[in-house]
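S.K.: Structure incoming, see below.
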């Protein structure tokens, strides 16, 4: 939600300090200088020019009055003036004498005027009509002149009797007083010739800001937002100016959409901003008479303008009455009229954003009025291409459950109404309705998908558009054969229409029937060789097939046709990233950025590459470029958090994950990420707190339940761990990982029958769950039922011949039992082929040693010692070294210890065991062993003998 304090405090200028207001006073300079010129020329003994500043609410009248007060007070040459500024609302001024009572209260604080408030009280008590006389006399005695700065002047005059208004006018003809007033309504006293103030004031009308003042205002707003080096799309700023009619206060508020634009939930931001302007706009309506309100309502609901005759008919008003009301509305800057032809004027609300607000508050479901306000905003705010992008973003957000219900409903309806692509229209409505159904929202019933595609079309017609619409519906509903059937009908009618070929290609791609997909995409190209989408589609297919050269070839063809196809550049970048050709990947992503400098996708991709390369500074640099341009982008904060997590700078990581939460308080991934960090830090209470918050936001998500279960596993509170895994299964009954985890916890509790029961449930759900087969095998190993263990390891291999788990476990079992020596070696070789694991390499080296292939065995173990962090596998490597000794490969082991000098300190008991067997060559080395090692070394000497006997 948008709540930028640094900007929003500008809405109420009275809350700013003097310094802040002067610094931020960038508009209305012309009017300020005009009035100050007259004030500076004002003499104590001369009649001064009086001003009336007129403008609608929000135009900056109050700010201008404050700026004048500060300027007068700051200039020594104007010390003869006493500026008194009234607050915006003066409910206590109800009469002429009340006015001077308030003035006296404020003057009483000035030097030379002490006691004047009491004198006024006394004059009022004597029921005098000349309250001002007291003030006038005091001003003459002190050689001063009063400068009254009065806001909402129209409200004060409404409370005065006509003779009081005349009395005020007479006083202003004197030399002791100058008045600068402001009004948001036209004051009939000033433009009706029979009224006291007719042509009395110099009227300064504050129009909407011009382009230069708007630019100055936005530069100030950008500075206040903390983006001094940032620039914003000038067309967007012009749109804001057009929407608001140049009203500064409304522009400040809408600016918050601009700074938040990449947060794709624009509905939530717009709804918040419209709520922010409600007080301002409600006052504007309340200022009107009831009859004028009725006229304003009809003009607002018309949006595109309404003629005099249409208004007369809708409001049932006489011609003379309507003219009066329209004059009032125009004088109040509420509406504007445009002459369109002979004797015909068209009327609109002057400020279009006010019109959007009014439509939101008064829209009805009839004829889509309930979304008209949003449609009108999007129509002004977005180009057709941007609308299409927002439609796809909307689909993604509802699929991911990332929108509030009303936002999903209104944006779905509005976008579907506006996009020109009927397929996309259907997808938006279909996905929105499905999301609202899942949430059990009554709004789902209000989403009316165009049923004509299925029910009201003649399925036997020859209308191509009808067939395309029907096929789109079937494709969305994954009824692919029916979709293809209708697309083939299009081909029969017009074989040169590329759309059915591309659409059939999409379907076959979704079905993973890639040869057929390519065939249809190529047919589309043969019909229209300059259609870049078909080239990109073939590129996607080849990428899915991992035929990367062909994929790149087709993406490059798309670029050759349209050199600004940033998606093709990104696609090539993805391929090079997958191939770990990072320089090429960065080159293509940078090319995308050069074409479109705001391509968030490309910046993130470069950041991901640098993270893969562990060049963390560069990764942060690119992620921060995204943050700089799109400060409300959720993912960028998570990305920076991941980098700091990699760096083990956990405080910084948590800081950025919390920033992601600030942007989107329902980001469960950020809560889980913070939980992971606290879990790694073994701060389990805090970790559980954040995982529980994730559950609170998304109770149907299993991730957080599993995370809490893993914490209880680490704490060896296995019963609680099982409880949380069971909760995950309640939500997702086919979560095989949870069944496996529960089985493993029962193994920890040595309740093996229950463990096997849960592993079997995982297999029942997913018959090829190799993890479950391996877990059952390992459980039977614990039970020493080795034949059954072998049976399940073999099942694991049968169901996943390209996974190393089954090979590894069976090879290790054979080795542990010292049986099937050759089979064990072959299995260990297979284990090293499928997914690199250091323990698989060590096992293979051990089996080679058992099979007396010493050269290859030692090469394998040297590879581990040279390249990897091997101490994690201390036990396995220790056994390998002892097996070397048992196989009489004493010199080979000595060479390893000599070549890798750290081994002596890391495996000290093994070293002295080796020295025991090399006492003939090094008679004193064994005796250097400390007493604390003797028992361990003796155990190893005994183990060498056992290994020699077992693996002879």
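Cβ coordinates come from backbone N, Cα and C, glycine included.
All annotation found in TrEMBL is predicted automatically rather than curated by experts.
Keep in mind that this is a model prediction, so the values were computed, not measured.
Heads up, here are the entries from TrEMBL:
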- 50-180: domain 'ORC1/DEAH AAA+ ATPase' (DOMAIN)
- 464-497: repeat 'TPR' (REPEAT)
- 498-531: repeat 'TPR' (REPEAT)
- 532-565: repeat 'TPR' (REPEAT)
- 566-599: repeat 'TPR' (REPEAT)
- 600-633: repeat 'TPR' (REPEAT)
- 634-667: repeat 'TPR' (REPEAT)
- 668-701: repeat 'TPR' (REPEAT)
- 702-735: repeat 'TPR' (REPEAT)
- 736-769: repeat 'TPR' (REPEAT)
- 770-803: repeat 'TPR' (REPEAT)
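Give me the lay of the land around each of these features.
M.R.: Secondary structure of the repeat 'TPR' (464-497) per DSSP (helix as H, G, I; strand as E, B; remaining residues coil): 27 helix, 0 strand, 7 coil.
In the predicted model, residues of the repeat 'TPR' (498-531) average a pLDDT of 91.
In the repeat 'TPR' (532-565), helix, strand and coil residues by DSSP number 27 helix, 0 strand, 7 coil.
Helix, strand and coil counts under DSSP for the repeat 'TPR' (634-667) come to 27 helix, 0 strand, 7 coil.
With helix defined as DSSP H, G or I and strand as E or B, the repeat 'TPR' (668-701) counts 27 helix, 0 strand, 7 coil.
Long-range Cβ contacts of the repeat 'TPR' (702-735) within its own chain (Cβ-Cβ under 8 Å, at least 6 residues beyond either end) map to 668, 671-672, 675-676, 679, 682, 684, 687-688, 691-692, 694-695, 741-742, 745-746, 748-749, 765-766.
Here the repeat 'TPR' (736-769) has, by DSSP, the following mix of helix, strand and coil residues: 27 helix, 0 strand, 7 coil.
Long-range contacts of the repeat 'TPR' (770-803) within its own chain (CB-CB distance under 8 A, at least 6 residues past either end) are made by residues 736-737, 739-740, 743-744, 747, 752, 755-756, 759-760, 762-763, 809-810, 813, 817, 834-835.
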S.K.: Under an 8 Å Cβ to Cβ limit, what residues of the same chain, 6 or more beyond the ends of the repeat 'TPR' (498-531), are close to it?
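M.R.: Distant contacts of the repeat 'TPR' (498-531): 468, 471-472, 475, 480, 483-484, 487-488, 490-491, 537-538, 540-542, 544-545, 561.
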